[in-house]
Amino acid sequence: MVSMKAVKLEPDLLRDGSGATNNQAVEQVQLQKYTIQSRKQDSEENRSSTTLNTAQSCSSVLEQGQSPVDDTGISSTSTLCPAPLCRQFWKAGNYSDAQGSKVNLQNGKTYLHVHPMFLHSNATSHKWAFGAIAELLDNAIDEIQNGATFVIVDKISNPRDGGSALLIQDDGGGMDPEAIRRCMSFGFSDKKSTGAIGRYGNGFKTSSMRLGADVIVFTRHMEDRNATQSIGLLSYSFLMKMGHDRIIVPMVDYDLNTENDKWEISHRQTNESFKANLTLLLQWSPYSTEAELLKQFDDIGLHGTKVVVYNLWYNDDGNLELDFNTDPQDIRIEGDTRKVESLPAWRTVNEQHISNRFHYSLNAYLSILYLRIPETFSIKLRGQIVMPRNLAEDLKFPEYILYRPHAAGLREGHVITTIGFVKDAPRVSIHGFNIYHKNRLIQPFMPVVSYADSRGRGVVGILEANFIEPTHNKQDFERTSLFQKLEVRLKEMTYEYWDFHCGLIGYQVKKKARPVSTPHDPPAIANSSHANSFMSNQRFPTVDTAQATSFGIKRKEHNNSLHAGSVKKQPRTGEGSVISASSSRGEISLVLEPQTQNEAVVLMEENKKLRAELVEFEIRKEELNLRVIQLTRELEEQDVEYERLMAELTLVDDVKQENQIVNM
């Protein structure tokens, strides 16, 4: 059984958490002390050693039984004075080291405990508030496989004090009582799918604590007609103000009684455990009654999860770090609007470009955060659906370059990079690569070259690199040899593209296109499943090796990529023109040289129209295929019905004949 001490409340803090009077707060403490002491007679036989080992290294919850986060001495408090809670995130962890320096060995056990200050130090991995919000959205995106159709990001009001709070809600599968405990613990992850974005089991804690001092989670889950709903609170304010020396996470669980369709206290908790946890929830959450807590499930439906981050952090100027007022349909980062160094006539277009706006506009950032989003799923920001933005469609004179990463003599697969000039070049001087990992943007507009001589200016690329691993905050990649090789290759791509295309946007061409040989037949674009997927999704231009070959495989010191701005027509018997091609060292290369730049633009416009028609044909094809399947099923059903009616008719005829014989 868990042995616990009563939580000691400082007199000046009794009103701080809930607004209750001193007497009411004392009564609550006495209730906790009574319920805790009444449990001392229980044995620890109901707890498996596996559950204990899992729990003791993580956090503590005021309950008994199957919780994987039960702990000895779970509500013990520090003998030091409670630390004041600063509302500025980067100063909220500046407390005396002595507060967490003493670790008591209880009952001879060697379980490790996590001090509450770790919540803050762990959250400092997020340097950027939008990166923390993206981490919470990743959980909703991973729930698409469980039927999620939306995620809501919005501002709500804290009913306790009227302050602003951040809401993130999805209609995914939700979490059962054990799953929410793993979510609140450290290092546990239920995401076994290779396509899942989450991996380390740490994102919820780092992201929520980076955005605010406190977070409360409401989740409802249904499986095999068994419905559960749980509420969990991770409160840095509570832990620091009360001087706790380890993390305590109050939780309550409810089971749906199918007989009367009412929610009842879960069998996983005793009444005493439930009341102790509920007391802390009502004291430190935004909701002061159990009815208010349960009301938060009204808009969740049969399953889903609602996360409310409150006591949001302030910036150094004393304003909320998240700006909800400048744009009522957006969330901005206070004071993060960037001034762009450029010519006065070009300054506005540079400042309004997506490469600049995503730094301070959540709408802009979320529009490019995911490479592919199913049509059945939507991101709703402050009541408005965020329209996904395909960065590849913002490029002019695009090319598709195949890169095959190698490490230790092993091939890591292949990556298709889309590269081109931004549409507003040369007025927009931005450059860099948008690198995705498992559909998630990790590095937006990562620069790989300098602007010393303008070489590479305006060149932007998009690629999905699943062969390298992101850091824990998903804002950078681990600096492995594979990543360093990729950086070198991207730099080469930028220079190669610039050298042969800069004339298309008004710069002086520094290198001439290499001579080409006459091919025997013009190449054809491969009709692959990847290409079909790209056309149907109308998102990132994913192509396979064969298609990339037809577009061009690009290597250093070899002009072996398709240059959209260099088309050379050559007469051929019976045909109007062909595409020139050459090969080098076994790599197929295509070089298209236009007679004029206008001709190249016309060809690209025609290509764009053909692609649009192909998209329409693909969609029509899918609709017709579905219609064929539907009609086939209906025909089969009619055949069955026809056979049944024929059998009845035969039976009726037999009966008539028998009646005739009898009448005779």
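Heads up, the Cβ atoms here are built off N, Cα and C, so glycines get one too.
Remember, TrEMBL labels are computer predictions, not curated facts.
When TrEMBL is compared with the stretches 306-354, 453-501, 600-648, the one noted as coiled coil is 600-648. The region 'Disordered' annotation in TrEMBL falls on one of the ranges 540-560, 561-581, namely 561-581. Confidence across the coiled coil (600-648), taken as the mean pLDDT and rounded to a whole number, stands at 82.
Across the range of the domain 'Morc S5' (360-498), the DSSP-based residue counts are 30 helix, 50 strand, 59 coil.
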